[in-house]
Amino acid sequence: MNSDSTKIPQATAKRLPLYYRFIQNLHSSGKQRVSSAELSEAVKVDSATIRRDFSYFGALGKKGYGYNVSYLLSFFRKTLDQDEVTNVALIGVGNLGTAFLNYNFLKNNNTKIQLAFDIEESKVGTKIGEVPIHHMDELEDTLARLDVPVAILTIPQSAAQTITDRLVQSNIKGILNFTPARLNVPPEIRVHHIDLAIELQSLVYFLKNYPDESVEK
Ligand code: ATP
């Protein structure tokens with residue numbers, strides 16, 4: 001995100017891509033305005049939160065009118081830097097990594113996995129979903145030549161910290177960590193952690209223990 005969005009709280013910032021996707025759909029269907037109630041129903045965030053979120057970026061809805069879709073769209077584009085494609089590197093072309101290489105992230109946002117790395121000789125030099133797979137030995141040299149600010153980690157947990165240290169040295173700014181490892185990074189590097197096993201376990205726990213309560217989505 002660009003620097004003039006720094007005053008937006010992080011919890012709000014995390015919801016922006018969700019809003020953005022929905023607003024894009026509304027815009028392409030020709031809709032010119034949207035109420036916070038409609039938005040709330042579509043993105044499953046309560047309307048008070050939506051109104052508060054939107055107030056941070058100056059989109060003040062009018063009673064009985066709602067929000068102007070074109071204004072929201074241009075705001076989100078600018079704030080999320082969606083005019084430019086962000087290049088991503090994927091490390092570890094196993095089952096999960098392969099699925100990501102086959103998935104077209106460009107469909108929903110402007111990020112593209114440009115290249116992947118693995119240590120497995122049989123994978124190096126091949127392509128999956130048009131993404132070339134390089135050897136880990138080439139990591140530093142290859143990243144030095146390209147503008148790749150983000151890396152996805154789909155390697156075994158045991159390799160995660162060592163590879164993270166190498167990525168930090170290679171000027172990576174953000175890491176999407178799918179390994180169970182908790183990573184140590186300098187404060188200027190951002191790590192988002194998605195542990196699928198824990199998410200699944202937590203979902204099952206909530207189903208069992210809070211079956212009738214409405215939940216935060
Ligand atoms: P997944 O966990 O995605 O289901 P998997 O079970 O197929 O994958 P893992 O052992 O988790 O395999 O390894 C994921 C991928 O990471 C494999 O392709 C493996 O070759 C690769 N890998 C393992 N160690 C390293 C490393 N140090 N650097 C880069 N890649 C590695």
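Heads up, the Cβ atoms here are built off N, Cα and C, so glycines get one too.
Features reported for this protein in TrEMBL:
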- 18-57: DNA-binding region (DNA_BIND)
- 81-182: domain 'CoA-binding' (DOMAIN)
- Gly92, Val93, Gly94, Asn95, Leu96, Gly97: NAD(+) binding site (BINDING)
Chain-internal residues, separated by at least six, CB under 8 A from Gly94 (NAD(+) binding site): Thr154, Ile155
Number of helical, extended and coil residues in the DNA-binding region (18-57), per DSSP: 29 helix, 2 strand, 9 coil
Gly97 (NAD(+) binding site), number of other Cβ atoms within 10 Å: 25
Residues flanking the NAD(+) site, with Cβ no more than 8 Å from the Cβ centroid of Gly92, Val93, Gly94, Asn95, Leu96, Gly97 and excluding those residues themselves: Leu90, Thr98, Ala99, Phe100, Asp118, Thr154, Ile155
For the binding-site residues Val93, Leu96, the one whose C-beta sees the most other C-beta atoms within 10 angstroms: Val93
Number of Cβ atoms other than its own within 10 Å, given for Gly92 (NAD(+) binding site): 26
Neighbour count (Cβ, 10 Å) for Asn95 (NAD(+) binding site): 8
The domain 'CoA-binding' (81-182) [mean pLDDT, rounded to integer]: 94
Secondary structure content of the domain 'CoA-binding' (81-182), with strand meaning DSSP E or B: 34 helix, 29 strand, 39 coil
